[in-house]
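Feature list (source: TrEMBL):
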| type | residues | note |
| --- | --- | --- |
| REGION | 1-28 | region 'Disordered' |
| COMPBIAS | 16-25 | compositional bias 'Pro residues' |
| REGION | 171-306 | region 'Disordered' |
| COMPBIAS | 200-250 | compositional bias 'Basic and acidic residues' |
| COMPBIAS | 268-285 | compositional bias 'Basic and acidic residues' |
| COMPBIAS | 286-295 | compositional bias 'Basic residues' |
| COMPBIAS | 296-306 | compositional bias 'Low complexity' |
C-alpha cells in the first residue's frame, strides 16, 4: 500500500516510473519539504520516493511541489534517489539510498546544507546529494522586484516544522581570556554627551544654502528665458498672421478692381453698340422718308401728264 501511495503521489510529477518492487523488498524513502511563501505563509508537504521515480518542483500546477514565485521555471528542479556513489538509483539493489536534487531550470537553484550560511549554486543537470535539514533557494538569478523562495528538506515521517526556513546565523566569536570575560560582565559605560556642532558643519550648511540659492536663481533665469522665448514666438506668429491677412485683402482688392474694370469695359461696349444701332436706325428712317418723298413726286408728275 505504501508503494502504491508513492506511485499515486508522484504520477503527476511528469515521468512514468518503472514498475516498483514490492514494498517489503524495498521500502520507500520518506521525506517532506517546508516552503516559505512570498505572502509569508508556510506550507509543508510529505512525499516518498522509490528507485527510478522522480518528483518535480516548479511553477507547473501538477508538480509534486508547486511554487508560484516569478523567476521559477515550470520544471525547476527534481528529487530522485541516488546510490552511495551519487549515481541515480534506477532499480532496487538492496543498498542504502540517499536523496538527490537536480537543477533543470533557466535561473538556477541554490543549496545550503545544514549549518552553512550561504547558498551554493548547483550545476545544471547534475545530481547532488541532499542532507536532512538542508535549505533550497529558487531562483538564484533574480530580476528587479523578484524574491527568492526558500524551502527546507526533512527526512522521515515525523511532523514537519511550522516555521519558515532560514539560513543558520554566523556564530559569534568566543571571548578570549579573563580580560574579555571581565569586559563582558562590566556594566556599560554611560553614553557621552552629544558634541556641539563643529565649525566645519556650519560651513557645510552655508555652502548648501549657497548652492540652493544658486539653483533657485538658475531656475528663475531659465523660467524668464522661456517666457521671453514664448513672447517672441507669439509676436512672430502675429506678424505672420497679419502678413497673410494683408496678402489676402490685397488679392481681394485686385480682384474687385479687375471685376470693376471688366464691368466698365462691358458697359462701354454696350453703349457703342447702342449708338451704332441708333445711327443705323436713323439712316434707315431717312432713306425710307426720302424714298417715300420720291415716290410721291413721281405720282404727282403722272397725274399732271394725264
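The count begins at 1 with the first shown residue.
Cβ coordinates are placed from backbone N, Cα and C, and glycine is handled just like the others.
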Residues from the same chain, set at least six apart from the ends of the compositional bias 'Basic residues' (286-295), whose C-beta lies under 8 A from its own: none
Helix-strand-coil residue split for the compositional bias 'Basic and acidic residues' (200-250), DSSP-based: 51 helix, 0 strand, 0 coil
